[in-house]
Amino acid sequence: MISMLCLMLFVPRVFSSSTQVAVIFPQDPALWMGSSLTATCTVSPERGLHANTMYWTLNGKRLPSSTYGLLSTNGLSVTLHRLNGSQQQSGDNLVCHSRDGHVLAGSCLYVGMPPEKPVNLTCWSRNTKDLSCKWTPGGRGETFIKTKYTLKYKLRWYGRERECEDYSTGKRYTCYIPKDLALFTPYEIWVEASNQLGTATSDVITLDILDVVTTDPPDNVHVSRVGELEDQLTVRWGSPPALKDFLFQAKYQIRYRLEDSTEWKLVDDVGNQTSCRLAGLREGTVYFVQVRCNPVGIYGSRKAGIWSDWSHPTAASTPHSEPLQSGSCDPKSGEQNSTLRRELKQFFGWVRKHACGCSGMSIKLYDQWRVWLQKSHKTRNHVGIHMEQKKN
């Protein structure tokens, strides 16, 4: 069947007869790249064809007569040196023709390399009941001939070897196991690569399904301003819906970047809270923010899970500083607000040096400091007004 498929790509005309016209030897050989091949085409004597009227083609291109060898009145050979890798995984087409172009016989040449050991085998589960695995072909990954990859798995201490069957995920070198997986016991998983020239097996990885759980990205990510504070934004999000019924805690990471930048800044200490205040930002600037989740403690597992993908970017801008309006009747009020903002920036700069990220303590101190400064300014203003009234 493979030979017929291979030849159909280049066969324009074939003798219409139920009896065999000619035979090519060797038939459908598998060859290493760089090797040589001598093939022979022998025509049935009753056909009355002479070998010196025949010719050879490879992938539809006629081969030079200098590569031929006349073996007998009905036998013609061709010799190919330093073969390159097959142009198609279904094999290269070596065809023997009669003088008028009719196809006498054909053979598929599988020229390539044996597979190397698959690498980077990783697996993850989205609901503790399934398992997805992916890997990378070893070496350059190119064998030039069809190579089959098979994901195999079994319980570590007992159970029979099983094969993953669903390779239709739309991604190469990926397989999906939808069900019938055990919890609280480790699996051994590996990948076998094989083609007509050899076989290679990846390293075996051992894992418990509960230790490789991941989630969808957090949903409902919202980014908003913190009042009129021009250097801050608040980020809020929802827990991943798929794992709300499981016994787990989630830890989160946030990353953000300027609108005109490709460099992300990571906030790694968010913990399991679902909100965070970003500080030290540029005023009047658009930021893009993303959040991801890592489930921890699924059914008592002591290992961290696998980070989810990042959520879709959410954009928000910080406020602009408000300049003092001309013609103001109370310039002292504007000066006080400017001084207050400057003092707050100085303080929060100090806080960021000692407690970075989304630390609840730093935000609490910041808010307390802001309230205290506002009260102190009000007290000074009240004392000033009282003294003015005494003078009058």
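For all residues, glycine too, the Cβ spot is worked out from N, Cα and C.
Record features (TrEMBL):
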DOMAIN    12-96  domain 'Ig-like'
DOMAIN    117-212  domain 'Fibronectin type-III'
DOMAIN    217-321  domain 'Fibronectin type-III'
REGION    314-336  region 'Disordered'
SIGNAL    1-16  signal peptide
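Mean pLDDT for the domain 'Fibronectin type-III' (217-321) in this predicted model: 87. Each residue in the domain 'Ig-like' (12-96) gets a DSSP state, and the totals come to 9 helix, 37 strand, 39 coil.
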